[in-house]
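So that you can see what the record holds, here are the features copied from TrEMBL:
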{"type": "COMPBIAS", "residues": "538-548", "note": "compositional bias 'Basic and acidic residues'"}
{"type": "COMPBIAS", "residues": "549-558", "note": "compositional bias 'Basic residues'"}
{"type": "COMPBIAS", "residues": "560-581", "note": "compositional bias 'Basic and acidic residues'"}
{"type": "COMPBIAS", "residues": "612-631", "note": "compositional bias 'Low complexity'"}
{"type": "COMPBIAS", "residues": "649-661", "note": "compositional bias 'Basic residues'"}
{"type": "DOMAIN", "residues": "527-584", "note": "domain 'Signal recognition particle SRP72 subunit RNA-binding'"}
{"type": "REGION", "residues": "530-670", "note": "region 'Disordered'"}
{"type": "REPEAT", "residues": "222-255", "note": "repeat 'TPR'"}
Amino acid sequence: MASGSGPVSALWTEINRCGQNGDFTRALKAVNKILHENKDDVTALRCKIVCLIQNGGFKEALNVMNTHTKSLTSDLIGFEKAYCEYRLNRVEHALKTIQGIPEQTDKLKELYGQVLYRLERYDECLAVYKDMIRNSQDDYEEERKTNLSAVLAAQSTWESTSADLGLPENSYELCYNAACFLIGQGQLSQGMQKLQKAEELCRKSLAEDSDVTEEDVEAELAIIHSQMAYVMQLQGRTEDALQLYNQVIKLKPSDVGLLAVTANNIITINKDQNVFDSKKKVKLTSAEGVEHKLAKKQLQAIEINKALLAMYTNQADQCNKMLASLQTQNPEHPRPVLIKVAQLCREKQHNKAIELLQRFSDQHPESASGIKLTMAQLYLTQGHVTKACDILKSLEEIKYKPGMLSALVTMYTHEEDIDSAIDVFTQAIQYYQSEQPGAAIHLSLVREAANYKLKYGRKKEATSDLEQLWKQNTNDVHTLAQLISAYSLVDQDKAKALSKHLPSPDTMSFNVDVDELENSHGATYIRKKAAKVVGESQPKEPGPEDIKKKKKKKKGKLPKNYDPKSTPDPERWLPMRERSYYRGKKKGKRKEQVGRGTQGATSGGSAELDASKSASSPPTSPRPGSGTGTAASNAVPPRQQKPAAAGATRKKAPQKKKKGGKGGCNIQQF
C-alpha cells in the first residue's frame, strides 16, 4: 500500500488540476486509474460521475450510480442522479429522486423547479421560485427571475390564469417572457410592443461581444421573430406572418421545438391550400426530441393539425389512425371527434356522423355544447330543420342567448311553425322576467315578440306584450299606437279608452316640410305644381315647321327577270311539294350516266366500249377456215383500258391543313 501511495497522490493532483482547467476527459482517465487500484473508492466514484456529467455522458454516470448503490447513497449523489434523469428526459423518476433526498439544498431546489416546469405543474413551480428569490442571496437572482417570468407566461398561455408580479424587464429574456404573458391574456398589441423591445435589447446585448456574428444574432432572435409572426397571425395579417415564419425556417435553428412550432403555424395558415408545402413542413414537426421540448397542449395541437392535413389530402386511413391515437391519449377532448365527423361527411356518411356525435355528447356532457351545435348543423344540411331546432333547444346554457333565439325563430318561421316560434319568445321572456326584469334585453325581447305576433296576425296575443312595454314607458307614443291598432281589431272599447292617452295634434309638432318630402329621392309619387298664370294666352296653331315630316317608305327590290305584265304564281309561297302542279321527281334519267366499267371509268367511255353500237365491229368469234383468226382491230380489253379524260372537270381546291398536328391521337403532355 505504501508503494502505491506516491502514484495515487500524483493522480489526485492531476485530477485537481484538470478540474480547475475544465479538462474533464483527462481527469476521467486519472480517475479510472485510481478505480483500477480500488474500485470501491467513494471519492473516486463521485469524481468519475462528475466528469461523465460534464462530458455529457449521463447514461454512463447513471450506470455507475446504479452499480454502486451500497457505497453511493442518495445523500451523497442524490442531486447528480436526479440531474442525470432530468437530462435523459426521465422527469417522473427525477421528481421521485428529489423527493427522496432528505436535505434540500439551493441547487436541488433549482432542479426541483425545472422538473415541476417540465411536468407543467405551474402553481407548485411558482411557489418554489418565489421561495428561492425571497430566501437566497447570490449571483443567480436574475436567472431565477427569468425562470419565474417563464412560469407566469406558460400559466397565462395554457391555463389562462396568472397574476402579474411586476418583474423587471432589464434583459431581453425577461422582456420576451413579459410579452408572452400579455399574449396569453389576449393583449396582442401590447405583446407586440414588448417583443419589439426584446429584439432591441437582444441586439444591443449581443453587439457588445465582438465574437458574435450577424448569423448568431439572427439565430438568437429566431424565437422572438416566430412569436411576432404568431401575433400577426392572430391579428389576421397572415401574409406578413407567413413571410416571417419562412425566414425563421430558412435559418434552420438548432432548437427542434422552435422549428416544430413554426412549421405547425405555417400549416395552419395553408389549411387546405398549398398542400405540397404543408407536407414538407410536417416533417419538421416530427423531428427527434420534439416531444421533450414542447408542452402537452402544443404536441396535441400539432397532432390534430396532422390529422386535418391527412383528411385534406384524402388519406382516410392515416387520418383515422391519428384520430384513434388522439382519442386514446385524451378521450374527453372533442376535437378528434369533430375531425372524425368531418371525415365521415366527406364520405357522405352523415347518419354515422350524427350517431358518433350523439354518443360522445352522452358520454361527455361537459363538452356537449360544441358537439350539439355540430349535430344541429348536420341536420340543417340534410334538411331536417325541426330536429335541428330540438337539438338547439336542449342547450340549456346558451338557449336564451339572443343569437340562439334569433336562429330558432328564423328556422321555425321557415318551417311555417308560427306557434313554436312564439313559444320560443314566451319562454325567453319568462326567463329574463325572473332573472333580469326590466333589463334592456328583456324589453327588447318583448318588443320583438310583439312585432312578430303583429306581423303574423296574432293581434290578441300581441296586446299583452305591448301593454307590458307601454307600462314601462307611458310616454312611448309609438308603442301606444301599436297597442291601439291591435285592440281595434280585438276590443274596440279598449282601443277607444287607450286612445284618450294619445297627445293632441296641437301638442305634437312634427316640423315636416311636405314639399321637400314629396320631392325627395325616395318618394313614390310627386305632385306636380300648377304653372303660374301670367295672362290668358291663346293656343298656337301648328305651323308648318311643327308638322312632322312623314318618312317615305323605300320600295322593295325586284328580281332581275321580273316581268310586270305576267301574273305571279299564286302558289309561289307554298313549298314545291305542296303545289298543285307538282308531279314528283322523274326517275331513270340518269341511268346512262352511271359508270359500269372498271374503277375510275366514266360515262363518256362506256359508249365507246359498247360493240353493238359500232358499225365496223368485228365478229365476236373467228370464221370457219380462218385458222386462228385475224386481229379484229386495235381494240383494248376492258381491264386494260384507261378511263377517258373528263372534258370539263373542275379541279378540287387544295384541302386546308387541320390544326393540331398530324394524324393519329393527340397525347396530352404534362
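Quick reminder: no glycine exception, Cβ is built from N, Cα and C everywhere.
Automated prediction, rather than curation, is the source of TrEMBL annotations.
Within the same chain, residues 172, 176, 179-180, 183, 188, 191-192, 195-196, 198-199, 202, 261-263, 265-266, 268-269, 281, 284, 293 sit at least 6 positions outside the repeat 'TPR' (222-255) and bring their C-beta atoms closer than 8 Å to a C-beta of that stretch. If you average pLDDT over the domain 'Signal recognition particle SRP72 subunit RNA-binding' (527-584) in this model, you get 69. Secondary structure of the compositional bias 'Basic and acidic residues' (560-581), assigned with DSSP and counted as helix (H, G, I), strand (E, B) and coil, comes to 3 helix, 0 strand, 19 coil. Mapped onto DSSP classes, the repeat 'TPR' (222-255) shows 27 helix, 0 strand, 7 coil.
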